[in-house]
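Per TrEMBL, the features are:
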BINDING   THR99, SER100, PHE127, PRO128, THR129, ASP130, THR169, ASP198, HIS201, TYR223, TRP253, THR279  pyridoxal 5'-phosphate binding site
MOD_RES   LYS224  N6-(pyridoxal phosphate)lysine
Amino acid sequence: MSGWDRAALEALDGADPLAGFREQFQLREGLIYLDGNSLGALPRRTLARLEQTITQEWGEGLITSWLGADWINAPRRVGDKIARLLGAEPGEVVVADSTSVNLFKAITAALSLRPERTVILSETGNFPTDLYMMQGIAAFSGGRVRAEAVAGDMVLDRLGADVAVLLLTQVHYKTGAVRDMAEVTRRAHEAGALVIWDLSHSAGAIPVDLNGAGADFAVGCGYKFLNGGPGAPAYLFAARRHQAKAVPVLSGWMGHADPFAFEDAYRAAEGIERFLCGTPPILGVAALECGIDLIAEADMAALRAKSLQLGRVFMDLMDEHCAGLGFALVSPREDARRGSHVSYAHPEGYGMMQALKERGVIGDFRDPDVLRFGITPLYLRHVDMLEAVLRIREVCETRAWDDPRWAVRAAVT
Ligand SMILES: *Cc1c(COP(=O)(O)O)cnc(C)c1O
């Protein structure tokens with residue numbers, strides 16, 4: 001027995017200091033949304049903000065809004081707000097481009113600070129775009145630089161005099177396992193390497209302390225726990241001590257020291273702005289700012305505590321109601337090692353997730369057999385965990401995955 005009956009869960013919801021945040025989001029009645037780690041829900045305030053940005057700032061203000069509505073400083077302004085969630089200082093984070101493109105910028109910047117070293121190191125099974133960007137940079141280097149990936153913690157043993165940069169994701173996208181940022185950064189620095197942290201599944205979900213850990217660079221997504229909307233712009237962190245020396249290889253005009261001088265020769269901006277490339281996507285930045293402002297109103301310690309409790313409740317209920325139904329827990333059970341999603345392997349995982357979607361439980365599936373359930377403490381309730389687990393059990397009991405519609409996997413899983 002898990003000890004979590006409906007009354008106990010309702011009592012937890014009644015005492016939840018974050019309960020009021022749920023109504024700030026547009027969420028369909030009856031839906032249990034366990035995929036906020038892939039695409040966060042829509043904050044209601046975003047609708048009004050985008051309407052104003054479009055009709056007033058763009059429609060009426062036209063080009064004068066670059067100054068009149070301060071569009072020109074938006075990447076830096078929103079970057080400073082994100083910095084507070086990451087344990088960074090104002091002027092160390094900028095909003096720009098996608099996470100993939102920011103990985104390119106961070107890796108090449110780090111390589112420029114370690115010109116005598118030749119290896120970009122990561123772990124096998126890291127998020128594919130992280131590995132692909134490393135491989136692309138290695139290919140472009142014409143053999144000077146190599147991309148290497150090593151399994152799990154062995155990556156730390158691979159650190160050596162040839163490693164320029166170690167690229168790791170703090171919360172693993174599949175398993176939800178959390179890496180010890182301070183310890184890994186210390187080990188990498190000891191070996192003379194720089195570290196890039198991918199925070200896509202950390203920012204807004206778990207407390208992050210980049211400067212406390214002495215991190216060098218970081219990147220992350222705006223559309224997951226930050227609720228910035230589909231394809232929201234991403235962010236890049238560069239520790240202040242590196243900014244003046246790190247070479248911005250994507251040397252676009254917005255990263256120039258004086259973009260409106262229209263000089264022929266590139267001169268990098270002094271600070272974090274050198275990691276801007278082209279004209280910022282203002283509609284996307286405006287939506288992202290709404291998500292950031294909302295999460296900034298919540299206490300991070302309370303967010304983390306609720307996220308961990310929801311995860312524990314979910315796992316306890318899975319133990320109670322779905323034992324013997326073919327699930328294997330993929331995520332760490334231990335709180336300190338778990339991020340903000342819980343994953344299970346199941347041989348019928350893909351079809352099961354499709355059947356769950358038809359029953360109002362949205363999570364996602366990651367090849368080959370992993371069901372991911374995102375825990376977003378801003379808008380999930382404890383009773384949602386019970387409702388989700390009961391629907392999972394029903395899908396198993398009826399073998400609802402046996403459906404010819406799901407014989408071929410969709411383009412997005
Ligand atoms: C989601 C995610 C990305 C996504 O990168 P995009 O450029 O936004 O597609 C990158 N890295 C990690 C670890 C992720 O979880």
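Each Cβ is built from the backbone N, Cα and C atoms, and glycine gets one as well.
Between the two most distant C-alpha atoms of the annotated pyridoxal 5'-phosphate binders (THR99, SER100, PHE127, PRO128, THR129, ASP130, THR169, ASP198, HIS201, TYR223, TRP253, THR279) there are 30 Å. If you take the Cα of LYS224 (N6-(pyridoxal phosphate)lysine) and the Cα of THR129 (pyridoxal 5'-phosphate binding site), they are about 16 angstrom apart, rounded to a whole number. Neighbour counts of Cβ atoms within 10 Å were compared across the binding-site residues THR99, THR129, THR169; the minimum falls on THR129.
Contacts of TRP253 (pyridoxal 5'-phosphate binding site) defined by a Cβ separation under 8 A and a same-chain sequence distance of 6+ are given as PRO259, GLY278, in order along the sequence. Cβ neighbour count for LYS224 (N6-(pyridoxal phosphate)lysine) (all protein chains, 10 Å cutoff from its Cβ): 29. Same-chain residues at least 6 positions away in sequence with a Cβ under 8 Å from that of PHE127 (pyridoxal 5'-phosphate binding site) are, in sequence order, THR169, TYR173, ASP198, SER200. Under the DSSP three-state reduction, THR99 (pyridoxal 5'-phosphate binding site) is assigned to helix.
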